[in-house]
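Below is one structure, written out as structure tokens, with a few remarks after it.
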Amino acid sequence: MAATRPATKRDGFTSTLGVLAATLGSAVGLGNIWKFPALTGANGGAGFLLIYLLATLLVGLPVMIAELTLGRHARANPIRALRMLAPPGQPWWLVGVIGMLAAFLIMAFYSEVVAWVFVYVWKSLEGSALSSDPAVTEAAFAAMVGNPWVSLVSQWLVLLLIGGILVKGVAGGIEAVTKRLMPLLFLLLAGLCVFSLTLDEAAAGLAFLFKPDFSKVDAAVVLTAVGLAFFKMSIGMGTMMTYGSYFRSEQNIPLTAGRVMVADLAVSLLAGIAIFPAVFTFGFEPTAGPSLVFITLPAVFAQLPFGQGLMLVFFILTSIAAIGAMLSLLEVPVLVLTERLGLPRPLAIGVCVLAVAVPGAGCALSGSVLAGVRVAGLTFFDLMDFVSSNLLLPVGGILIALFAGYVWGRAAFTRAVSNGGTLRNEGLAVVVLVLLRYVSPLLIGVVMLNGLGII
Ligand code: PFF
């Protein structure tokens, strides 16, 4: 059956600023707030930063450029793009299917964490969950996670919000919203940094983050850095391919990817500068993950002047960071459904929201009624995280690197990266191609095998 193309113009980003805001919106997320700063501090400060920088340059940027370029060239969802660009009969489109699956699994647990952040915006307004005693903040967090209705309903609200923005379209929804939210994020973060730097133990916090300690850098740390670069830059699952399909033809892709990488790094560093001076000033442990955001930080805020207001600002900015990431995740299957099945956009969004809500409920209830349910020793929540981060994303990343590096071909790749020869990007394209062929697949492969406990 011949697929019929809709006659209407394809939706897409309308300006360079819009492209930047949306793409950065995808990269910036919960990862900047709770993963990056704590991992940097715990793994050797500036030494880790250097390795992370190398990982983004050698793996993150090339794969991001490849995804954006493939998407823009095909102007289609990842499954269709790979089917169009692959030689006949080769099932590269399956990489798009893996990506879509990864998007669903990530959304299932990510949306629950975003839901907690939203609940904490509310708690900040109320002033509840604010106590200088970490035992009290821990109990407040446990009560929220252990309440099935709060967990479920807040997750549904997050999904409805994201779906509601996406209904407005790519330009009218994703671009319009991220263009407003990204500057606000930087502003709020900068404000928190200035405040944090005035605290007594600011120097200790900064030392934790930036003091180089190369003795901590070993193979495991290198692997952590590569894995982090991957998650941070939203690559390996077709998100960037989807967004690339909305890029304008004249957009300079390597330049855009470079800017996104630098701005994303800036958000991560600013988050560290905002968080650690405060954590050290009150003698807390610099942990990572939920305990940092939902247990330690509220205890820190309780001891600061204007603590309630600062806590509100912090959770609002974390919500802002998470919204852009969620938009890009949900857009992946939405585009597939609209293009593949010809569903109207609102219907496609409705179907996808429902489809996320099912595994999402498994994650939401992991802390309460499903707490005892384990698969391979993991709760539903941890299982989704493990399968997507340690399995599907790296496999997708390797295959995308190999596809762009070997299958699509040097001539097609360099032409597409240099916008048909109008940009002087050919030399750069060759460097990216070499990295895609020889460096990225190898590094990602090692990270994956390590994540699976094989090496
Ligand atoms: N980059 C996001 C973060 O750092 O939180 C997470 C993410 C978003 C991963 C979108 C993958 C993705 F497709």
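Yeah, the Cβs are placed from backbone N, Cα and C, and that goes for glycine too.
Remember, TrEMBL labels are computer predictions, not curated facts.
Copied over from TrEMBL, here are the features:
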TRANSMEM  12-34  transmembrane segment
TRANSMEM  46-71  transmembrane segment
TRANSMEM  92-122  transmembrane segment
TRANSMEM  153-174  transmembrane segment
TRANSMEM  181-199  transmembrane segment
TRANSMEM  219-241  transmembrane segment
TRANSMEM  262-284  transmembrane segment
TRANSMEM  310-335  transmembrane segment
TRANSMEM  347-371  transmembrane segment
TRANSMEM  391-408  transmembrane segment
TRANSMEM  428-449  transmembrane segment
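Only sequence-distant pairs (6 or more apart) were considered; of these, at least three Cβ pairs between the transmembrane segment (153-174) and the transmembrane segment (92-122) are under 8 A, so the stretches are in contact. Residues of the same chain lying 6 or more positions beyond the ends of the transmembrane segment (181-199) and with a Cβ under 8 Å from any Cβ of it are 21, 24-25, 28, 205, 267, 270-271, 273-278, 281, 304, 310, 313-314, 316-317, 320-321, 323-324.
Within the chain, the transmembrane segment (262-284) has long-range Cβ neighbours (under 8 A, six or more residues past its boundaries) at 20, 24, 27-28, 31-33, 36-37, 40-41, 53, 56, 132, 134, 185-186, 189-190, 192-193, 195-197, 199-206, 208-209, 232-233, 292, 296-297, 299-300, 303-304, 314, 321. Using a cut-off of 8 Å between Cβ atoms, the transmembrane segment (391-408) and the transmembrane segment (310-335) share fewer than three residue pairs, counting only pairs 6 or more apart in sequence. The transmembrane segment (92-122) is in contact with the transmembrane segment (347-371), judged by 3+ CB-CB distances under 8 Å for residue pairs 6 or more apart in sequence. Counting only same-chain residues 6+ beyond the ends of the transmembrane segment (347-371), those with a CB under 8 A from a CB of the stretch are 104-105, 107-109, 111-112, 115, 142, 145-148, 151-152, 155-156, 159-160, 162-163, 166-167, 330, 333-334, 337-338, 341, 379-382, 384.
Most Cβ pairs under 8 A with the transmembrane segment (12-34) among the ranges 46-71, 219-241, 310-335, 428-449 are made by 310-335.
Sequence-distant contacts of the transmembrane segment (428-449) (same chain, at least 6 residues past either end, Cβ-Cβ under 8 Å): 55, 58-59, 61-63, 65-66, 223, 226-227, 230, 236, 254, 390-391, 394-395, 397-398, 401-402, 404-406, 410, 413-414, 417-418, 455.
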